[in-house]
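Chemist: So that we are looking at the same thing, I have put the structure below in structure tokens.
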Amino acid sequence: MWRVTLRGIQGHLVRLLLTAAAVMLGVSFVTGTFVLRDSFDRAISGLVAGSSAGLDVAVRGTEIAGGDGARARLPLDLVDSLSAVPGAARVSPDLRGVAIIAGSDGTAVRNSGAPGLGFAFSDDDPAFTLIKGRGPVGAGEVVVETVTLDKGGLEVGDRTRAVIGGETRHVVITGEVEFGVLFGATAVLVDEASAIHSFARDGTVPSFTITAADGVSQAELRASVAEVVPRGIEVVTGATVDAENESSVQQGLGFFTTFLLVFAGVALFVGAFIIGNTFSMLIGQRARELALLRALGASRGQVLRSVLGEAAVVGVVGSILGMGLGVLVAQGAKLAIAGLLGVDIGTSLPVTSSTLLISLAVGTLVTMASAILPARRAARTAPVAAMRGDTPIAQKGLRRRGISGAVLLGVGVGLLGLAVTREDVPWVAAGIGSFVAVMGMLVGAPLFARPVVRAVVWPFVVVSGVVARLARQNALRVPRRTAATASALMIGLALVAGISVLAQSVKASITEGVSSELTSDFVLSGGQSPVPPQVATEASKLSEVSSVAAVGLVPVTIGDFSTTAAAVEAASMPENFTVSMAEGRLDSMEGDRVLVDRTTASDNRWEVGDVLPATVGTLGAHDLVVGGIYEDSQAFGTHVIVSRGLYEDAVPSDMQTDLQVYVAAVGGADQAQLREDLDAIVSPYLVVSVMNASEFATAEGTAIDNLLNLLYVLLLFSVVIAVLGIVNTLALSVLERTREIGLLRAVGLQRRQLGAMITVEAIATAAFGAVLGTVLGLGLGIALQRGLEAQGLRTLGIPWGLVVLMLGASVLVGVLAAVAPSIRATRLNILAAINRA
Amino acid sequence: MTAAHVAERTQASTDRDDRAIAAQAIGLSKTYGEGGALVTALGDVTVEFASGQLTAIMGPSGSGKSTLMHCMAALDTPTAGTVIIDGTDITHLKDKALTRLRRDRLGFVFQAYNLVPTLTAQENITLPMDIAGRRVDAEWFDTVVDTLGIRDRLAHRPDELSGGQQQRVACARALLSRPAIVFADEPTGNLDSRASAEILAFLRASVDDFGQTIVMVTHDPSAASYADRVVFLVDGAIVDDIVKPTMAVVLERIQELDRPRAEA
Ligand SMILES: Nc1ncnc2c1ncn2[C@@H]1O[C@H](COP(=O)(O)OP(=O)(O)OP(=O)(O)O)[C@@H](O)[C@H]1O
Ligand SMILES: [Mg+2]
């Protein structure tokens, strides 16, 4: 029987290659996702280790309660007593702050989203190495990190401007350094005196880094350092810092890793679909041959074993190829991530043995599992029956499957609907509901094939008549197969649609909030970078300006409620924002009297006049008074508003930067002129820009777009694989219909018409997947938005443009998928095709 | 088959003896492979088929009957020689023109697998017309369908039809576009004697009643006796050509032709 297996493989080489290609695609999806995930993990560990080069012991202030990880600062002169510690080879105060440099085009050098950092230059700092030029001397010289230099089109020796610690300076670039790890940030380095001037203006620094002398362990050094520092100062080892950093980065990227995991799950699933689909077609086509074997005396078991053996060979070969392709896919994704987010996650591609094992197991087992059912069917068919009949025609018996699909879909949608409309959304139930709904859609898909395919093909039927009708019949010939082929695309596009509904809703909510609550004429903002306090001061001096509201942020803990509060001058608010007071008066906010939004007040049962024990910024044990309660506001996005007076007490002066500065013009002022004047004020600060309300809303939304683009790239890979899946199925079904195609050509179907027929069939399949995926994705996205309504996602945004684009693109996908199978079909020799057994 | 029947038919075809030529092969050759493995399927065959006649082609297996048919029906390209269909020399036509020729001026009936499985009988019958975008002559459609007795089967798919019904649907398709000539390669090869008789009677009737030209390959002497003329092929060459054959004559010729082979 083994000889039969081998001969089987030889005799059906093309079909088997196509099947192996399906296995390869499925497996590559799985391998690629896992490799990408591991790359991220490794990159994170590498980054964390690299970021603490030379750090054996860190000395830092204690965490401020409720300060979101903010710490008390330490006096700079602590350096003397630290240097005296035995075993400390090098002690350096962490002089760092915000620094931005202008590129050769005069605009700020930015790396999308990542901050611009400034450091003190020191020859022996292990965090970076000088690769060109020399260190900076005096306020007019800087050294720039190599990627930053490159991005700005700058070179050592160039003159440019830099904003360092809020001050604009004309500088000469004297050198170039390379950092071990910078997390994509830009970096500018100044000499120590300038660093102290810019980043430690009040004589404090956040921490000190101590490098141990040879032969001194981190723990020993930590112990000796702890003896000399005053109480209330933390001394931790580098290992502890690494662990903290790693967990915080992991947490920050948690969303992304979760997404990759979900994606891997989807990958497994879609891969299994493609493989199962292809193999069942293969066995179906061989039903006759298997029946002949049976007629010649082979037992059922023998036939079954022979088929399974074949499946195993195909599975293993396909899996091995798939692993290779998967690594390439991961590499492509990495390039995309580097290009889109500017995040370099390293050049190595970690292919772990567990990745390989999972991939191999998935590929082989899924192939064998999907071979079992059709093989058993084939083994059981009476030889005579199988010798008859040719290709499978529209099967019946979809009813049971349709009903189970509909029931699953109903249960899933119901559960999801119930979950997201609850006050306190049970997300686990919502997740289960979504999953069940997706399963229902997959199971029920064959039932939807008829109406959707009919609708999609209708315009083609109008135009080209019988050719499109033939295509439609072909697409509906085996609805299960069409559905399985389309499902890969369906899943991919459902994710795209769902995510973009969410993103669009975020943007719509922002726009809505901005337009309904913002009354100022201009917003001055530095995006991720803070706005120096001088901006607000200068803006308020302009004659066209009626009111300037500078908004700073400060961590506040009241009782056990911790939040970040906005710090604004009460008098500047009415002209710049719509704030409606529920209780108390807006101008009662002064000193320790603060404003609280209605939800927070009622959750905590606070009332106007309550005196609450609190900490604000660096101020511990400080009583606050509830001065007023305002209606929940989008404009601030904070739950508490404090006065500027309190803010100035609670935040070290060099940290008193503004998040945004709002400017309201006097009535009848020339807006264009005002804008020009404001531009003149902000231009020295490089990163601060002047926006009107609608520009501001758009800018807030672009941060989301960056993340979105990354997800789209990942999903694009699933779409590519889905396309290849369609190509594969189509190629197999062309093979399966060889005689029929020969017949059609014999009775007068032109090559062009044959190509059109296959193309329309592909379009029907792709569009079917796209329609189902879009519906599913929109549904899930809308449900998510409803669930997140209380979290501020108040406005539903449907990305109609994207929906149209996806449906349109699916047509293109169909056209592309049909190219190879069409060429193959049109090249068939008519006679050979007709006479084929 | 009664003697009267045969006599009547012979009379009818005599009237059309000097008809125009529907299809013609001149010096037609077809070889496969080369060198030692060279197979000559057709060697310098010259034959013509008159309009309004039912011609049968007979000969032992492997004698080149199908090859001749395929070359003449623009399904295969001959190695040498010329094929003229309905006045057109098709030897140098491109695929597109050949396809149009098959669609508009030729009809086919194969031994099996004649129908597109996803289409109903009716859709299969009108397929070439639909492909061409031509309007179906409803009256002619009714005539053909009724003559073949498949009206109540029109909405069925091929897998719901018996072999004989499938062949009748194929005949209807071949005739619907009123082609210059219909080629049928063993149209009754898969059928029992009753079903074959029905198909043959229909082919005969379409020649007699509608003036259709038909060329049919067959192994069955009784099928040949429906024809106006029988052409015998042996080893790719025409060895005999009998006008107004009877079953007895045909049988006799077959035995004669087989004898030298059997002895060799
Ligand atoms: N594609 C091909 N390659 C090589 N030889 C071929 C090919 N097609 C036909 N032949 C050979 O050409 C010769 C004639 O074949 P053809 O099919 O015309 O015979 P036939 O008279 O129709 O036979 P049958 O009655 O069995 O159908 C045979 O010897 C056959 O082996
Ligand atoms: Mg033949």
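Numbering starts at 1 and runs along the chain as it is shown here.
A Cβ is built for glycine as well, from the same backbone N, Cα and C atoms used for every other residue.
All annotation found in TrEMBL is predicted automatically rather than curated by experts.
Below are the features I grabbed from TrEMBL:
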type	residues	note
DOMAIN	A:262-383	domain 'ABC3 transporter permease C-terminal'
DOMAIN	A:713-830	domain 'ABC3 transporter permease C-terminal'
TRANSMEM	A:12-36	transmembrane segment
TRANSMEM	A:253-282	transmembrane segment
TRANSMEM	A:303-329	transmembrane segment
TRANSMEM	A:349-373	transmembrane segment
TRANSMEM	A:402-421	transmembrane segment
TRANSMEM	A:427-448	transmembrane segment
TRANSMEM	A:483-503	transmembrane segment
TRANSMEM	A:711-735	transmembrane segment
TRANSMEM	A:756-784	transmembrane segment
TRANSMEM	A:796-820	transmembrane segment
Chemist: Give me the stretch from A:303-329, A:483-503, A:756-784 with the greatest number of Cβ pairs under 8 Å to the transmembrane segment (A:796-820).
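Modeler: Maximum Cβ contact count belongs to A:756-784.
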Chemist: How about the transmembrane segment (A:402-421) with the transmembrane segment (A:756-784) - do they touch, taking at least 3 C-beta pairs under 8 Å (6 or more apart in sequence) as contact?
Modeler: yes
Chemist: Is the transmembrane segment (A:349-373) close to the transmembrane segment (A:756-784), in the sense of at least 3 CB pairs under 8 angstroms with a sequence gap of 6 or more?
Modeler: no
Chemist: Can we call the transmembrane segment (A:711-735) and the transmembrane segment (A:349-373) in contact, meaning three or more C-beta pairs below 8 angstroms at a sequence separation of 6+?
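Modeler: Stretch pair does not touch.
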Chemist: I need to check the long-range neighbours of the transmembrane segment (A:303-329): which residues 6 or more away from its ends have a CB within less than 8 Å of a CB in the stretch?
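Modeler: Tertiary neighbours of the transmembrane segment (A:303-329) are 1-2, 4-5, 8-9, 16, 19-35, 275, 279, 283, 290, 293-294, 349, 351, 356, 359-360, 362-368, 370-372, 375-376, 378-379, 717.
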Chemist: Would you mind giving the whole-number mean pLDDT across the domain 'ABC3 transporter permease C-terminal' (A:713-830)?
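Modeler: Per the prediction, mean pLDDT sits at 86 for the domain 'ABC3 transporter permease C-terminal' (A:713-830).
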Chemist: Could you pull out which residues elsewhere in the chain have a CB under 8 Å from any CB of the transmembrane segment (A:483-503), counting only those six or more residues past its ends?
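Modeler: Those are 263, 266, 269-270, 273-274, 276-277, 438, 441-442, 445-446, 448-449, 704-705, 708, 711-712, 715, 718-719, 721-723, 725-726, 729, 765-766, 768-770, 772-774, 776-778, 780-782, 784-785, 788, 793, 796-799, 802-803, 806, 810, 813, in sequence order.
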